[in-house]
């Protein structure tokens, strides 16, 4: 993988990730949003439908794909691309966040994490080395190191110990990745909770080891938005400019805009797909809650500005009807729309950076939603 940086507008960056795959060269234009395909599928969508929304890269989940279908089935197919028939780039997370989410079912030691398999209850073990081996079998174009996702709230001492162990795990991940002869990209993950000095130590340690890109982890885990913005403002300028920056597990449309505003290149989140299944649909001026009875006889499209299959063909009343009847097509049409909304937003962001008018775009984006522009956190202190 290569990262090319074309243009900046303030802290916002316009570039691309370039991947050499057996099927040819693939570019992922950045800033990019990656739909989440936890179990090797973006829920309810064929790969062709996902591609039609504008997605150029997907996220797969190492932890869940390891438990089901497992490495052996994956190897029999070739890799995850062959298994799910998506022959464009795939990023896989390392399983660290899922293990963190298990709470009391897990025990973290220096060696790795022992936990109870949520499917059948058996005790299993995941380590940095094992995560690298699973992701090698998945054929991930971008592999994430195995880390501990520091919870919120956490004391300074806990966040420090957690971050230091994540750094040791980062080195073990790098070593096993190299031993396997993996020619794909490996990203480090910056930890340190809401503490700026810990984030700095984490980044310096990762840069010393050397990675193809750097993710900001341990945000969007319950901390106030102001803390997330402050950490991004602090750490992004210190990440090597020739490497992509990835904000993990984020988020709402506003979070994408705020991330780009602070120098982030890549995002992933289940929000567009999960919200679609729950009838929360993103539109130009906010959200349509399609379950609201006021849409029962509304013959207008979901979003007149949207060019997706759903908006071009169906009314709000039809989407309301499908949801009310529990029809699978409703969830599918909602998902197509929400994914397209996210990709259109990213395309608008990229164009605004190219035209060096990103600050104006931010003002327009919030004005459409009737919201104020959030202040920059560190600028307020000076």
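Glycine too: its Cβ is placed from the backbone N, Cα and C atoms.
Going through 280, 321, 337 against Swiss-Prot, the one listed in the Zn(2+) site together with 306, 308, 311 turns out to be 337. The record from Swiss-Prot ties 93, 94, 95, 96, 97, 147, 218 to substrate, and of the options 23, 71, 191, 238 it ties 191 to that site too. Cross-referencing 249-255, 256-262, 263-269, 284-290 with Swiss-Prot places the feature region 'RNA binding' at 249-255. Range annotated as region 'RNA binding' by Swiss-Prot, chosen from 243-247, 273-277, 293-297: 273-277. Summary of the Zn(2+) site environment: with the site residues 306, 308, 311, 337 set aside, the chain residues having Cβ atoms within 8 Å of the Cβ mean position are 301, 302, 303, 307, 309, 310, 312, 336, 340, 341.
On the backbone, the CA of residue 97 (substrate binding site) and the CA of residue 268 (active site, nucleophile) stand 13 Å apart.
For residue 191 (substrate binding site), the nearest of the recorded positions 93, 268, 308, 311, 337 in terms of C-alpha separation is 93. Away from its own ends, the region 'RNA binding' (273-277) comes close to residues 35-36, 42-44, 331, 334-335, 337-339 of its chain (Cβ-Cβ under 8 Å, at least six residues beyond either end).
Per DSSP, the region 'RNA binding' (249-255) is made up of 3 helix, 0 strand, 4 coil.
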